[in-house]
Structure formats: structure tokens, C-alpha cells
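**Q** Grabbed the feature section from TrEMBL, which reads as follows:
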- 1-15: compositional bias 'Polar residues' (COMPBIAS)
- 1-67: region 'Disordered' (REGION)
- 30-67: compositional bias 'Low complexity' (COMPBIAS)
- 92-110: transmembrane segment (TRANSMEM)
- 116-141: transmembrane segment (TRANSMEM)
- 161-185: transmembrane segment (TRANSMEM)
- 191-216: transmembrane segment (TRANSMEM)
- 228-246: transmembrane segment (TRANSMEM)
- 266-285: transmembrane segment (TRANSMEM)
- 297-322: transmembrane segment (TRANSMEM)
- 342-371: transmembrane segment (TRANSMEM)
- 383-404: transmembrane segment (TRANSMEM)
- 410-438: transmembrane segment (TRANSMEM)
- 453-468: compositional bias 'Basic and acidic residues' (COMPBIAS)
- 453-488: region 'Disordered' (REGION)
- 469-488: compositional bias 'Acidic residues' (COMPBIAS)
């Protein structure tokens with residue numbers, strides 16, 4: 001009985017060994033075929049794998065994560081501390097110097113003599129000089145450290161217009177210097193302010209022409225509802241320069257220098273004021289067809305008072321200077337002093353007539369602006385609130401000049417009332433600006449938003465290119481697989 005059991009055990013073990021040997025033989029038979037296929041595929045895929053590896057080395061996940069971390073660090077660095085202030089310091093901040101400068105001019109122009117008015121005007125003049133110097137330093141630092149912002153600013157049709165506020169703010173310093181410093185500091189102060197005036201003229205004319213050409217030469221069509229009164233800013237810069245010429249010319253000892261200054265001021269007035277009237281026509285059409293501007297920019301409805309009020313003041317002051325300068329230089333080669341006096345008086349009377357018409361037109365726009373403010377209230381505080389001070393200030397200055405030249409008690413009292421209102425508005429707007437700057441709400445430059453959109457578009461374009469390259473790589477891989485199947 002033991003023999004059959006052992007026999008069966010040996011038989012089962014031998015059968016198990018035979019099946020195992022058969023499987024090993026089958027594996028040994030299939031190994032050469034697979035190894036030959038791998039050897040056949042290796043020469044074909046070696047170059048493709050090396051190229052694919054070289055293309056994907058720079059875009060590995062670790063490198064991408066490091067790049068994203070670096071970008072977050074850069075954004076954090078740019079959005080805090082002094083870099084945040086410099087990057088977000090847009091040209092609209094020069095509106096502060098415009099408003100502060102016109103307050104200094106008004107305090108020195110009020111026809112009621114008082115010593116405290118003079119010293120208060122000096123305080124505002126020093127404050128304006130400090131603000132303008134600080135704004136220029138930060139602006140130069142901004143475009144020196146981040147030159148790409150300058151290109152983005154010029155590409156922005158709206159925010160680039162605020163570049164005209166720079167010569168306007170400098171022009172207010174020139175006016176205050178002539179009124180406050182020249183009577184006490186003598187000849188050198190006259191020469192200094194005359195040179196500064198010539199620099200201001202060059203910058204103002206360049207802003208008027210270049211910014212207008214940028215607006216005209218853009219490839220896309222500007223919609224009418226996007227027309228704003230801010231387009232008057234680069235034009236008003238040349239009017240401010242002309243008014244500075246009317247202020248500095250009477251203090252020049254050389255009659256020929258005075259004559260050249262007066263004639264150049266007339267030319268700049270002719271360059272800018274008709275162009276401002278053209279913009280006002282377009283702006284009126286925009287208001288008639290598309291109604292009031294948004295609440296955030298409704299304060300810009302006061303901007304038409306700027307070229308109208310300051311243009312009237314300038315043409316009246318130039319006429320007053322012409323009747324003093326023309327007889328000294330024998331204008332038009334006339335030797336009879338009686339006729340020379342008549343020519344000067346003609347210029348003065350014409351200037352008075354034109355300025356009265358402009359003052360009346362400005363009064364109409366003042367009513368429009370007050371109505372717009374009434375219908376749009378409440379509106380948020382922003383840097384556009386400085387649009388209250390300078391336009392109303394030059395309108396008050398023109399009113400005071402009427403009272404002095406006619407002379408008229410009505411215009412002197414009315415001009416003084418306007419001046420007091422401007423000073424009170426300056427206090428309110430300055431307090432709001434200080435509070436908003438402290439909280440950081442006003443440190444936002446619109447040109448940076450355009451720059452971010454441009455960079456975002458560039459990033460999306462690079463992302464699309466990477467996706468296209470990835471698709472090409474997958475297509476190459478599928479072609480290699482199909483080739484291998486064909487060879488098999």
C-alpha cells in the first residue's frame with residue numbers, strides 16, 4: 001500500500017516540475033523578441049527624447065514654482081513701502097500744486113490791502129514750492145526705476161492728459177514769484193524768473209502739441225461718450241505760460257526783451273485758446289448726447305472754467321502791458337507818441353472786450369457745473385476734487401482783474417467772494433487728500449492697471465505658446481508610436 005502512494009507523489013511532483021519548466025521555456029523564447037523590439041525602438045526615439053527633454057527642462061515644475069514665488073515676492077516688494085508710493089505716483093498729483101499755487105496768487109491779488117494776506121500768500125507759495133519739488137523728484141524717480149510705466153502712460157489717452165498739469169503747476173510758482181519776490185529781491189530775481197518762464201513756455205507748448213497729436217494719431221476710434229473735460233489740461237498749460245509772460249514783461253528793463261515777451265505771449269494765447277474752444281464744442285456735444293459724466297469724474301465739469309477764466313485774465317493783462325511797452329519800442333515804427341499811445345490803448349480795450357465775453361461764457365459753464373454737481377450728489381472723494389480749486393481760482397482772478405482795471409467795486413467784491421470760496425474749498429480738498437493718502441486709498445495709478453493688463457495679455461500669449469509646443473510634442477510622440485506599430 002505504501003508503494004502506490006509514493007508513486008503518486010512522485011508523479012505529481014514530476015508533473016509540477018514539467019509545467020514550471022515549460023513556462024520558463026516560453027519566457028526564454030519571448031525575451032529575445034521583446035529585447036529586439038526595444039533595440040529597434042531605441043535608435044528612433046533617442047533623438048526625440050533628448051530634444052523633448054531639452055525643451056521641457058526650462059519649464060519643469062520646480063522652475064515654474066520658483067518663478068511664481070519670485071513674482072509674488074516682486075509684487076510684495078512693489079506694493080509696500082516707498083516703492084508703492086513711487087509706482088503709484090501718477091501725474092494727477094500735480095493737481096495739488098495747481099490748486100495750492102492759485103490760492104497763493106489769489107491771496108496776493110485780493111484788492112483789499114492787509115499785511116496778513118501777504119504773509120499768508122508767502123506761506124502758500126512756500127508750501128507750493130515744496131509740493132512741486134517733491135512731486136517732481138518722485139516722478140523722476142518713478143520713470144527712472146520703472147521705464148515701462150512711461151510707455152504705458154503715453155498709451156493711455158485719458159491719464160496722459162494729466163502731464164499738462166506739470167507746466168501749469170510750475171506756472172503758478174512763476175506768478176507767485178513775480179508777485180512776492182521780485183518787488184523785494186531786485187534785478188537778479190527778474191532774470192531768474194524770466195529764464196524759468198522760458199522753460200515753462202517750451203514745456204507747455206510741447207505738452208499742448210504732443211498730447212494733442214497722441215490723441216489724434218491713435219489707431220482706434222475714440223468714442224464720443226469717452227470725451228472728458230480733461231482734454232483741456234494740456235491746452236490750458238500754454239494759456240498759463242502766456243499769463244506768466246504778461247506778468248514778467250513789465251519788470252524787464254530791456255524794452256526789446258519786454259516786447260518779445262509780450263508778442264510771444266500773444267502767440268501762445270492764439271495757439272491755445274481757439275483750440276480750447278474747439279474742445280469745449282466737442283464736450284458740449286458729448287453732454288448733449290450722452291448726458292452727465294459718471295459720478296467719479298463729475299467734478300471735471302468745472303474744468304472749462306480754467307481756459308475761459310485764465311484766458312480772459314491773460315488777454316486783459318497783455319493789453320495792459322502792451323499800452324506800456326509799445327510806446328517804448330516805437331511799435332510798428334511809429335515816431336508819433338500820440339499814435340503809439342493809441343495803439344496800446346486799442347490793444348487794451350480789445351483785451352477788455354474779449355475778456356468780458358469770455359467771463360460771461362465761463363459764468364454759463366459755472367452754472368452747468370453747479371447743476372451737474374447737484375444732480376450727481378453724492379459722489380466719492382478722489383483726486384478729481386482738485387478740479388474745484390484751480391478753475392474757480394482763475395475765474396476769481398479774472399473777476400478781481402476786472403475790478404482793478406475798470407475800476408469797479410462790484411467786480412472787486414465779487415472777486416473777493418470767489419477767492420474766499422476757493423480758499424475754503426482748498427482746505428476741504430486738502431484735508432480729504434491728506435486723509436486719503438494716509439489710508440492709502442488715493443495711491444492708485446490708472447496707468448498701472450493698463451500696464452498690468454498688457455503684462456497679463458503677454459503672459460496669456462506665452463501660455464498659449466507653451467500649450468502649442470506641448471501639443472506638438474504629443475503629436476510627435478503619437479507619430480513615433482504609430483511608426484513602431486507599423487514596424488511590428
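For all residues, glycine too, the Cβ spot is worked out from N, Cα and C.
Computed from a predicted structure; not experimentally measured.
Help me understand the surroundings of these features in the structure.
**A** Away from its own ends, the transmembrane segment (92-110) comes close to residues 117-118, 120-122, 124-125, 127-128, 131-132, 135, 159, 162, 165-166, 168-169, 171-173, 175-176, 179-180, 383-384, 386-390, 393-394, 396-397, 400-401, 415-416, 419, 422-423, 426, 429-430, 433 of its chain (Cβ-Cβ under 8 Å, at least six residues beyond either end).
Tertiary proximity for the transmembrane segment (161-185) is limited to same-chain residues at least six positions away from its ends with a CB under 8 Å from its CB atoms, namely 90-92, 94-95, 97-98, 100-102, 104-105, 108-109, 118, 121-122, 124-125, 128-129, 132, 135-136, 139, 153, 193, 196-197, 199-200, 203-204, 207-208, 211, 230-231, 233-237, 240-241, 243-244, 247-248, 251, 390.
Under 8 Å from some Cβ of the transmembrane segment (191-216) lie the Cβ atoms of residues 154, 157, 160-161, 163-164, 166-168, 170-171, 173-174, 177-178, 181-182, 222, 231, 234-235, 237-238, 240-241, 244-245, 248, 252, 257, 261, 264, 268, 271-272, 275, all in the same chain and six or more residues away from its ends.
For the transmembrane segment (297-322), the residues of the chain that approach it from at least six positions outside its boundaries are 228-230, 232-233, 235-236, 239-240, 242-243, 245-247, 249-250, 258, 262, 265-266, 269, 272-273, 276, 280, 283, 344, 347-352, 354-356, 358-359, 361-362, 365-366, 368-369, 372-373, 376, 379, 384-385, 387-388, 390-392, 394-398, 401-402, 405, judged by C-beta separation under 8 angstroms.
Cβ atoms under 8 Å from those of the transmembrane segment (383-404) belong to residues 92-93, 95-96, 98-99, 102-103, 105-106, 109-111, 168, 296-297, 299-300, 302-306, 308-310, 312-313, 316-317, 355-356, 358-359, 362, 366, 410-416, 418-419, 421-422, 425-426, 429, 432-433, 442 of the same chain, restricted to positions at least 6 beyond its ends.
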**Q** Residue list, the transmembrane segment (266-285) vs rest of chain: Cβ under 8 Å, 6 or more residues beyond ends.
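**A** Contacts with the transmembrane segment (266-285): 201, 204-205, 208, 212, 224, 227-229, 231-232, 235-239, 241-242, 245, 304, 307-308, 311, 314-315, 318.
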